[in-house]
């Protein structure tokens with residue numbers, strides 16, 4: 001799974017200026033899906049849905065307002081322990097289960113060592129990678145990203161209060177103000193406590209969030225970005241070699257191509273699309289090395305391989321006039337937009353020589369949530385019967401036993417807000433209804449420039465009454481909405497989709513919110529740490545052993 005990759009960034013999906021030969025070959029030798037959809041347009045909720053086969057709001061891994069993804073390793077929110085991942089079912093079926101790369105589903109609940117949200121508590125028996133996600137804060141040369149606006153406001157308040165206290169102190173010294181020294185000292189102490197209360201977290205984002213772990217142990221804090229790609233590759237190849245004699249599941253959750261786009265010197269300046277293009281081409285090379293390892297170990301014909309992205313490319317990621325996010329091809333919108341195709345349409349490539357037909361292209365609507373029941377079926381397991389599973393096994397569709405997707409309706413959320421719904425009529429059009437869309441900024445642009453991503457609710461969105469209706473069969477770019485004048489069945493379609501939405505809402509039930517303010521806040525007692533907190537610092541030697549400074 002790539003991170004923030006646009007569907008238009010790959011040669012097999014129409015890009016003729018970026019070089020992605022290894023992914024293209026995977027598609028040429030396997031099955032390529034052209035209407036493959038993320039269940040959410042941001043990292044944490046999309047991955048929660050992917051791992052569990054359920055919309056992320058069913059596990060509380062979505063937000064009604066405010067934060068839409070986990071912000072800290074030391075927050076208490078994360079994928080609940082009662083959720084079942086495909087890794088857990090495969091582990092029960094005797095598979096070795098490994099996760100290498102990004103997790104971003106939380107770490108601890110109540111204490112530093114409880115690891116309630118950790119991969120090893122969700123069916124993986126081996127983990128190496130980032131418990132969080134890459135951000136600009138991981139690169140000392142980049143501007144801050146995690147809560148950057150709030151951070152700037154807090155720094156402004158601190159400076160304002162400090163100036164006020166200095167003014168009072170100066171006035172007292174010059175005899176202009178009659179105030180006791182204890183008052184001035186008390187004010188200074190309050191200011192110091194206020195400063196420490198926020199700077200202890202925001203002043204050390206790189207140290208707290210940008211760490212590498214092996215299983216439960218922190219091995220690098222803060223991580224050295226330039227080494228990360230080679231470390232991930234080494235770990236993935238080693239995992240394949242260690243487990244080649246038995247059944248295994250390896251989830252390679254790539255850090256590419258999320259900002260800050262850390263790229264090794266071998267690929268810098270080599271693409272036609274700046275730093276982002278360089279990072280895409282390095283990602284493809286990395287994937288090629290993994291595929292070579294599978295073949296070199298004699299596993300090519302017995303390995304089911306899948307490639308995707310967690311959601312669409314990040315259009316608002318820019319550095320001046322340089323684009324640092326992906327290209328979503330002909331599709332409108334991008335990362336953070338739950339309704340527009342550019343935010344949720346992702347690559348979907350399946351490869352299994354001798355089992356899946358080579359070169360097959362499927363245009364049926366499918367979801368990342370379908371991977372859960374698919375791999376469970378392949379492993380001979382059963383999906384849980386005690387909860388709603390939104391995904392459907394893709395095995396019949398991939399093998400050609402079925403020509404139609406099992407999804408008649410798909411529901412597209414932005415946070416906990418339903419933005420759109422898709423109706424795949426049997427032997428007819430693929431229709432999509434938009435109830436809410438983000439307001440692009442500046443007006444007429446294709447994204448919300450000037451902010452991280454487009455909002456899901458509030459003043460930054462438009463609620464459509466009546467809803468917008470598009471025929472994706474004829475208008476995949478969603479440029480020409482249908483009207484009652486142009487579509488005689490407009491009202492009937494809106495009513496039918498509305499009935500499906502109502503039926504879908506009856507399957508929802510309240511759950512604890514993992515993105516609540518109390519769960520999102522940085523808590524020092526939950527902070528993963530190598531060494532003695534707060535002096536957390538270590539680096540990883542070539543043999544994978546963490547070393548403390550001076551040792």
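Glycine residues also receive a Cβ, built from the backbone N, Cα and C atoms like all the rest.
Between the stretches 101-121, 122-142, 185-205, 206-226, TrEMBL puts its transmembrane segment entry on 185-205.
Of all ranges given (160-179, 280-299, 300-319), TrEMBL attaches the label transmembrane segment to 160-179. Here TrEMBL gives transmembrane segment for one range in the set 248-268, 332-352, 353-373, 374-394: that range is 248-268.
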